[in-house]
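Over in TrEMBL, the protein carries these features:
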- A:1-459: domain 'Cytochrome oxidase subunit I profile' (DOMAIN)
- A:12-35: transmembrane segment (TRANSMEM)
- A:55-74: transmembrane segment (TRANSMEM)
- A:86-108: transmembrane segment (TRANSMEM)
- A:138-156: transmembrane segment (TRANSMEM)
- A:163-183: transmembrane segment (TRANSMEM)
- A:195-220: transmembrane segment (TRANSMEM)
- A:232-255: transmembrane segment (TRANSMEM)
- A:261-288: transmembrane segment (TRANSMEM)
- A:300-321: transmembrane segment (TRANSMEM)
- A:341-361: transmembrane segment (TRANSMEM)
- A:382-405: transmembrane segment (TRANSMEM)
- A:425-446: transmembrane segment (TRANSMEM)
Amino acid sequence: MQYKSQAVAKPYFIAAIGLFVGQILFGLIMGYQYVVGDFLFPAIPFNVARMVHTNLLIVWTLFAFMGAGYYLIPEEAETELFSPKLAIIMFWIFLVAGALTIVGYLAVPYATLARMTGNDILATMGREFLEQPLPTKVGIVIVALAFLFNISLTVLKGRKTSISLVLLLGLWGLAVFFLFSFYNPSNLVLDKYFWWWTVHLWVEGVWELILGAMLAFVLIKITGVDREVIEKWLYVIIAMTLITGIIGTGHHYFWIGAPEYWQWFGSVFSALEPIPFFMMTVFAFNMVNRRRREHPNKAATLWALGTGVMSFLGAGVWGFMHTLAPVNFYTHGTQITAAHGHMAFFGAYAMVNLTMISYAMPMLRGRSANSRSAQTLEMWSFWLMTVSMVFITLFLTAAGILQIWLQRMGSNPMSFMDTQDQVMLFYWLREIAGLVFFVGLVLYIWSFFYKKGEAHIAA
Amino acid sequence: MPPGDLAIWFFIFAELLAFGIFFVAYAFARAHNVELFNESQQHLNIASGAINTLVLITSSYFVVRAVAAIKQNFSRECARWIAAAIGMGGIFLAIKLFELYAKFSAGISLSTNTFYMFYLSLTIFHFMHVILGMVILTAVMLKARSGGYSAKLHTGVETGASYWHMVDMLWIILFPLVYVIH
Amino acid sequence: MEITHKPHFIRPCTLVWLTLMSLTVTTYAIGEANLGGWAIMLTVLGTAVIKVQMVSSYFMGLRRTRRLWRGIVLGWLLLVAGLITIAYLSTIK
Amino acid sequence: MSETFTKAMARNIFYGGAVFFFLLFIALTFDTVQTLPKRDHRENITDSVVRGKHIWETRDCVGCHTILGEGAYFAPELGNVYKRRGGDFIKAWIKSQPTGAPGRRQMPQFNLTDEQLDDLVSFLKWTSEINTNNWPPNIEG
């Protein structure tokens, strides 16, 4: 840690990991409800568990992004943060607002929560991933703006590197496209069309800029490769991301009432979307192979390489698999989508966050890396989480293929619920893989507290 | 190394790939609906497509002359050839606009039928590339005029030239594919 | 002193330009005559392939570079033209 | 990569490409918004449909079901449920929840009034008439 104010990143990272645990716990609850339907009913119905699962994912990712911003911006700008105090205040506001939202989901029926929080004044709730009550949504905007204000001013008064510019651009895009979550027309088609401006332009657009900037930062630090080289790659990758990804939004417009031509635009451009992910994998391995120093933090290197591979598999390969309109006609809204969603989100965003945390947390605790045995533990957690996520994806894919076969093909299709009974075996296997994932996550957290063996590696 | 900056070649290959997929998609979409495509094609203005081909080919030739000029260290001559090429680009855009205007006033849109979806998408997508090419050429021209290039240092001219030739090449396939072959 | 005599590639490029212009007129004539059928289709598409190859070799100057770059463009061209041909011929019974 | 491939060039491609494709996206969106009235039959969006969508949202139906293929994959697709089951079945079904069958997936009881049930049905009826390019593949959704 070179600048004192980088320390504000620490609570953000800790909160991120805490919420990540919550996300996985609720994921396990849902996975069990898939096989034992009345589990925890009516205390936690499936829709509530899912809301908590997906919203925690978004919130912990935002916490990690902000932590990453607070950690890397001072170091890139070579100056102290504009206002560490603002960063801490915003941390508590965001944490309390996030916690209250989750409590609200769990404590009162959703319709009551909607009435209590002014959904009748401006209805924005009840849409996938954007279930947050109005005050929470407004809170996210305020926190995001305060954060952007803070880091933008830091960059303005310091050195302006490409990494910070790309990160800023991604984060500003995140804030801007979130504004579409306040637009909820009563026409479902328009609602869905612009809902994707938040959801798709986030995860397949501006978030990839953030991802690229974070990965580039960590790679510069751990490989010591020339900044010019890494930043050039960064630009090429994110250029390909936006060139393919913006029109690639069209792959969501096939069957929601939008004109037919989106089948062509969406198919062609999203078929090219794996290219930037493939380049990212090549980039990560290339940089590590050309390294000019042996950074003691081997675990962070492993996470960085893992991000490249898993985001390519999850977002690139599993995305391509069902993105062409004639294929998507059958796969749309099945377990195939769930399979892709899990591996893509874990491979791209969860893993880049863990990469950043794995690199930065030892620094924030005053050492350049954890002890060897702690790192070995962390690498075990890497493999457990990654491999079980691969299995979750494979089981969901198998369930999806069977589901499509029984429910959507052939002259005598089965009903949805009858089909679900037929694929139960895969849901059981998915839940087991989920438990292994949870073990990996526990090991990950344990590795931070692991004291046995030799001393930590000094800064 | 290919002429011009290597970066533009990554870009050019990406463009070729995207247009290539669109061309092939057009061909297979047609195979599913031959009558509709043949019928709709009758309403296109082949003359304007052909004239535009001549215009783009000529502008490409002007760009070749611009590269030749800078290789002899003639900055002003280079800038003049590029200006001529940009002028041809402007003519292309004007003709295309007339053509598109006629189609739009006939009430044709992306949703009229699959043929017109492709016709409009491909030509408008290409149209935007012509504009982008003209922007790049303008930047090159301004730099050439102020003596920014020389016989030794002219990668910038070749970069702009390569991009412009690509725009030309795509039209050379687009014209027969969409206007003529049936 | 810089060498200021005209580069040797201008003359071939002028010839290529004239050829391209006349090939375009041919394609236009076929279009106006409203000709169809597989032979015409192959002629017109073949003309386009030759024209693209001329632009990339002479105008872009790829014939003076490594085979790799020419190969990529030519490979793309043949692939696209080949698939287009397959699509068209598949409709002829 | 070659030395002629500079960072500045990569940056220009990034900015140029992003702006170019975003403009194209805006243009296509403009065309889509112009075309949508013919596909979504918005003239049929009555007050009842509007209220129905509000009920759909405030009960977080999308947390279990899909609608036009988007949502959770825990319970059946509802974009075409009006065509699959009809309005009376839908109302009776919602009223009779939860089934309480042991080990089976349960849908909460939302205590909707008759008027609210009618609104929800008109929303689902309007939704089932959207031109979705013939999706889903069959009536089972």
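Backbone N, Cα and C define each Cβ position, glycine as well.
Note that TrEMBL annotation is computational and uncurated.
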| field | Leading contact stretch, A:138-156, A:195-220, A:232-255, A:382-405 vs the transmembrane segment (A:341-361) - CB distance under 8 Å | value | A:195-220
| said: Would you say the transmembrane segment (A:425-446) and the transmembrane segment (A:86-108) are touching, if the rule is that at least three C-beta pairs must lie under 8 angstroms and be 6 or more residues apart? | reply: no
| field | Tertiary contacts of the transmembrane segment (A:261-288) (same chain, 6+ residues out, Cβ under 8 Å) | value | 204, 208, 212, 215, 219, 222-223, 225, 229-230, 233, 236-238, 240-241, 243-254, 301, 304-305, 307-309, 311-312, 315-317, 319-320, 323-325, 348
| Where among A:12-35, A:55-74, A:138-156, A:382-405 do we find the most Cβ pairs under 8 Å to the transmembrane segment (A:195-220)? | A:55-74
| field | Chain residues in Cβ proximity to the transmembrane segment (A:425-446) (below 8 Å; excluding those fewer than six residues from its ends, i.e. six or more beyond) | value | 17, 20-21, 24-25, 27-28, 31-32, 34-35, 354, 377-378, 380-385, 387-389, 391-392, 395-396, 398-399, 402
| note | Mean pLDDT across the domain 'Cytochrome oxidase subunit I profile' (A:1-459) comes out at 95
